[in-house]
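A.B. asks: Here it is: the structure, laid out below.
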Amino acid sequence: MIFGCTVFIRNTMLKTRTFVLCISRSYTAKAKRTVLAQDKTKIKEYSPKTMDSHEHRVYVWGFQETGALGIQTNVKKAKERYTEMVHHPTRLQFSNNNEITDVAAGYGFTAYAVKRDDGETLFGSGLNTDSQLGFQVKGNPYDPANLDVIIYPTAIKLPRVQGETDDDMRVKSMSAGRAHLVVLTQNGTIFTLGNNSYGQCGRSIIEEERYSKSALVHRISQEDICGKEDEVLQVECGQDHSMFLTKKGRVYTCGWGADGQTGQGNYHTAGQITLIGGDIEKEKIVRLSCSSDCVLALNEAGDAFGWGNSEYGQLDDSELAETQINIPRALKLTKSIGKIKDVAAGGSFCMALNDQGLVYTWGFGILGFGPFVEQTSKPQHLLPPLFGRNDFSNETTVVSIGCGVFHMGAVNSDGDLFMWGKNRFGHLGLGHKKDQFFPFKTAINGKVTKVAYGVDHTIALCKAFF
């Protein structure tokens, strides 16, 4: 038994009174122990419900009017003025309901590789003027009659042969050009869709062929490209040409070759997929990059090669350098960089990442060195603090790079994305349309694993922080 007594003294002009107030509270020894050492089995456990259980989430930003971002579901709303651009990374609702494994960005359209139970493996949104997203029909009476623009992700039907399973049709690699799409599936089949005016779909060029509302999906076996003893690992699209990289490190190309971007030793268009040689003939190429008409390739030893447009000295900085190179050449200007891990080729500039995590840029454009440097013929490296390295995070380094025609990006080891370059359509995701002259971190709620750089929009494939 515990007694508590409080004494109150009241002082008046004549008399002083004292009151004693006693309050008693009783504790048992057992109850006191329960308070001090609470039974953990009585504590209610709370497990918050996550929004979805998918491994990846997708964020999109940039020019929305083409439908490439796939975030609109209402035709009337999509036509409203204020929906023209999305300046901040916005989570794609489609990724909440589907497991997206890969993304590719073309000129005003986007392709999504998905893993679903119903057998659908490929979706697309955006411009479909040349049937680069397949033959699409009205889904409901409120859809526009002319489906040249698809405002939300819609299934792209890939034709199957007897015996092909859903696993066979999973997307292994894909890439998008100006108006065509190339998809490689797990069983080694290549599908090409869209414009074939220059043979970029790997088939014969048909004069005055109509591409709008076309149901044609060209199917190519990898054996027809590289034989039975090799296999295609990566597909890469330039503006109007296509490239195929095999397990043995060989490169095959087709399409528009006016700047030598097919690397076939001429400046002609080619509908026939052809093995290219030059300085990469005896090399094992492990990486290809192209967003327009300049191509960079990387071998397993970390040496860079290039071909195509070199009007700004991207591939050769000598005085008598050619402006169009039609056969792969080893790059001399990157020899001082060291061993290269990754490369990226833009419209008028190039990027390289070495094994020290340093990012190099050269060519013409917004290269990341400020508003007063717009051209350099020698690769120059950007300082590591621009990509998140500081006294509190001195191990942070860049792990991958990429670019569109007018903008560049780099992902660091923390999963942060830094972007810079032209920003007319808000495709840097910085909340405005002003050009960005230094790398700047884009606010994305996730760890970035892959970025697809379109000409006016950007798509990021991310994983959750926890």
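Every residue gets a Cβ built from N, Cα and C, even glycine.
TrEMBL entries are annotated by machine, without manual review.
Relevant sequence annotations retrieved from TrEMBL are reproduced here:
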type   : residues : note
REPEAT : 56-116   : repeat 'RCC1'
REPEAT : 120-187  : repeat 'RCC1'
REPEAT : 188-248  : repeat 'RCC1'
DOMAIN : 230-463  : domain 'RCC1-like'
REPEAT : 302-356  : repeat 'RCC1'
REPEAT : 357-414  : repeat 'RCC1'
REPEAT : 415-464  : repeat 'RCC1'
A.B. asks: Under the DSSP assignment, what numbers of helix, strand and coil residues are found in the repeat 'RCC1' (120-187)?
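C.D. replies: The breakdown for the repeat 'RCC1' (120-187) reads 0 helix, 25 strand, 43 coil.
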A.B. asks: Mean pLDDT across the repeat 'RCC1' (415-464), rounded to an integer, is what?
C.D. replies: 96
A.B. asks: Between the repeat 'RCC1' (56-116) and the repeat 'RCC1' (415-464), are there three or more CB pairs that fall under 8 A, provided the residues in each pair are separated by 6 or more in sequence?
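C.D. replies: These two segments touch.
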A.B. asks: Counting by DSSP, what is the helix, strand and coil composition of the repeat 'RCC1' (188-248)?
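C.D. replies: Breakdown, helix to coil: 5 helix, 22 strand, 34 coil.
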A.B. asks: Summarise the repeat 'RCC1' (357-414) as counts of helix, strand and coil residues per DSSP.
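C.D. replies: Each residue of the repeat 'RCC1' (357-414) counted once, the result is 4 helix, 28 strand, 26 coil.
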A.B. asks: Per DSSP, what is the residue tally for the repeat 'RCC1' (415-464) in helix, strand and coil?
C.D. replies: 0 helix, 26 strand, 24 coil
